[in-house]
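Asker: Sharing the feature lines straight out of TrEMBL:
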type     : residues               : note
REGION   : 1-84                   : region 'Disordered'
COMPBIAS : 24-33                  : compositional bias 'Acidic residues'
COMPBIAS : 52-61                  : compositional bias 'Acidic residues'
COMPBIAS : 62-71                  : compositional bias 'Basic and acidic residues'
DOMAIN   : 174-448                : domain 'Deacetylase sirtuin-type'
ACT_SITE : H301                   : active site, proton acceptor
BINDING  : C309, C312, C333, C336 : Zn(2+) binding site
COMPBIAS : 485-519                : compositional bias 'Polar residues'
REGION   : 485-538                : region 'Disordered'
Amino acid sequence: MDSDDDQTGGGNASSDESTRNIEAEDYGSDLSDEALSLPSHLAPISATKDSEGDEDNLDDPSEPHHPHSAEDAGDSDADALDSGSDLEHISISDFDQIPPQTIIETRKYLKQHGNMKFLEKYLPTAASSEDIVRLIVQLGFVPRHLPKPDNSNIMVLIKYLNYAMVKVRSIRTRLDTVKTIDDALEQINKAQKILVITGAGISTSLGIPDFRSSKGFYSQVQHLGLSDPQEVFDLEIFLTDPSLFYSIAHMILPPEKIFSPLHSFIQVIQSKGKLLRNYTQNIDNLESYAGISPEKLIQCHGSFATATCVTCKYHVKGEEIFEDIKNREIPYCPKCAKMRKKLMKNDEDSFVPDSYGVLKPDITFFGEPLPETFHDLIRRDLSECDLLISVGTSLKVAPVADIVDKIPEHVPQILINKDPIDHCNFDVSLLGYCDDVASYLASRLGKSWDIPHKDFDSIRGSAEDPNLLLTLVDEEYREYEVVNRTTEQASLTEVTSQSDGLVGNNQEQESNSAESGGQVSVRPHSPEEQGLPETASA
């Protein structure tokens with residue numbers, strides 16, 4: 001599936017272990033390979049750990065840890081080396097002696113001049129294992145395990161070096177010309193080919209769940225007893241027993257004919273002739289309801305818009321199986337109905353798969369390739385776009401997560417998301433609920449950008465009494481927060497009400513204790529008992 005805030009049906013995230021050099025201009029025909037991920041053998045000298053525990057993210061040593069990072073990765077320079085390493089002539093202290101500025105300059109040369117010139121400059125002609133290790137370290141990495149120093153495993157070190165070079169070349173440098181909210185607005189105004197990436201954050205305001213959050217879809221299906229909740233979207237399991245998927249499909253069935261202000265904002269971009277493409281990870285098909293044309297929309301993980309028979313490949317509109325999904329029943333193909341009935345009745349001794357003649361929504365399950373349109377258009381779109389806007393996705397899973405790294409570096413990138421994304425260097429990050437941020441941008445861009453959605457006016461407020469406030473959160477990381485005064489006040493009122501109720505309960509308990517004449521040990525209420533979110537408990 002996808003990242004913690006993305007609703008997806010699947011996708012390839014397998015890593016290509018081959019040693020490949022990826023040039024800056026080579027965007028690749030298949031973004032499903034996680035070629036930019038580091039193997040476990042390499043550890044960044046400076047790393048941050050996100051909520052998923054991913055230690056593959058790479059920080060620029062010239063910058064301090066991001067203030068939003070939860071904690072350090074926990075691997076010191078010394079720990080990153082195998083304590084039993086046979087390369088005894090390379091001391092752990094060597095790693096501490098490389099100044100951060102040297103790492104920055106080494107990376108800069110690689111990014112500016114490419115692999116061949118970089119290797120000619122930094123690696124001797126008859127390079128030894130020690131030379132390769134030192135260059136890996138000079139790029140900002142420490143091999144976790146080192147082979148023996150007799151050059152018998154030099155190809156292993158070359159592979160590590162290749163991974164480090166690929167990773168460094170994927171690290172984007174923020175543009176000096178796009179730093180502020182005004183710069184972001186200017187870029188949106190002047191751009192003619194905007195590439196928009198969207199995830200589940202653009203639909204959660206409509207009550208559609210994400211997948212990986214603590215209250216997301218996967219946490220809701222744990223009662224099924226699966227070893228991995230993602231198994232409900234495993235193609236092999238579906239073909240063996242489609243009833244598993246259809247027992248929970250109603251939970252992710254999208255509402256019909258509704259869409260969010262953010263969907264409408266993308267439609268405004270389209271109406272101005274500025275939308276190059278919208279690559280969505282969502283499977284709800286709400287973009288079509290908002291008026292985004294099929295030619296401008298790439299549903300990276302498919303959608304509920306259509307369904308296909310797994311046996312004869314007969315296609316139907318998605319709405320034709322919605323009633324079955326709502327009733328938790330398996331929809332069957334009308335073309336295969338007679339044959340299925342005949343096989344089930346007459347061939348009792350032969351094997352007939354449960355999935356024979358079953359209609360499956362055209363969402364991409366694990367084990368299925370991405371839609372052909374993705375591969376047909378992504379290379380061209382990456383080379384043509386003049387602005388990237390990423391909305392409502394944490395960009396953790398390939399292939400969509402790779403798009404931001406493969407855009408030419410001169411193309412501005414803007415983030416709209418509830419939380420910052422530490423592993424991508426966006427030029428400007430606009431934090432807040434997607435509908436709020438979109439409404440704020442539309443208000444600032446002018447009357448012609450007004451969002452044609454019933455909630456737009458109430459979200460933005462009036463010129464005399466604006467409802468949306470912008471705050472600069474972090475100047476260094478160019479992060480702004482858009483706050484909705486109405487929802488913020490409602491949240492404060494709710495918390496106050498809950499707190500008052502908690503105080504009343506405690507006073508009642510104290511009174512009961514006094515009346516009993518004895519000392520009573522009062523167990524603190526759980527967040528659920530208090531009616532509070534878990535994060536509110538001390």
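Along the chain as shown, residues are numbered 1 onward.
Here the Cβ of each residue, glycine as well, is placed from N, Cα and C on the backbone.
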Asker: Which one of these binding-site residues has the most other Cβ atoms within 10 Å of its own Cβ: C312, C333, C336?
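Answerer: Checking each of C312, C333, C336, the winner is C333.
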Asker: Write down the Cα-Cα distance for H301 (active site, proton acceptor) and C333 (Zn(2+) binding site), rounded and given in Å.
Answerer: 22
Asker: So how many other Cβ atoms are close to C309 (Zn(2+) binding site), meaning within 10 Å of its Cβ?
Answerer: 21
Asker: Validating a neighbour-count step here. Other CB atoms within 10 A of the CB of the residue listed as 'active site, proton acceptor': how many?
Answerer: 28
Asker: Neighbours of the Zn(2+) site C309, C312, C333, C336: Cβ within 8 Å of the Cβ centroid, same chain, sequence order.
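Answerer: Apart from C309, C312, C333, C336, the close residues are V310, T311, K313, Y314, Y332, P334, K335, G357, V358, L359.
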Asker: Roughly how many Å lie between the Cα atoms of C309 (Zn(2+) binding site) and the residue listed as 'active site, proton acceptor', rounded to a whole value?
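Answerer: Rounded to the nearest whole number, the Cα-Cα distance is 18 Å.
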Asker: Between H301 (active site, proton acceptor) and C312 (Zn(2+) binding site), find the distance joining the two CA atoms and give it rounded to the nearest Å.
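Answerer: H301 (active site, proton acceptor) to C312 (Zn(2+) binding site), Cα-Cα distance: 22 Å.
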Asker: Mean pLDDT across the domain 'Deacetylase sirtuin-type' (174-448), rounded to an integer, is what?
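Answerer: Residues in the domain 'Deacetylase sirtuin-type' (174-448) carry a mean pLDDT of 92 in this prediction.
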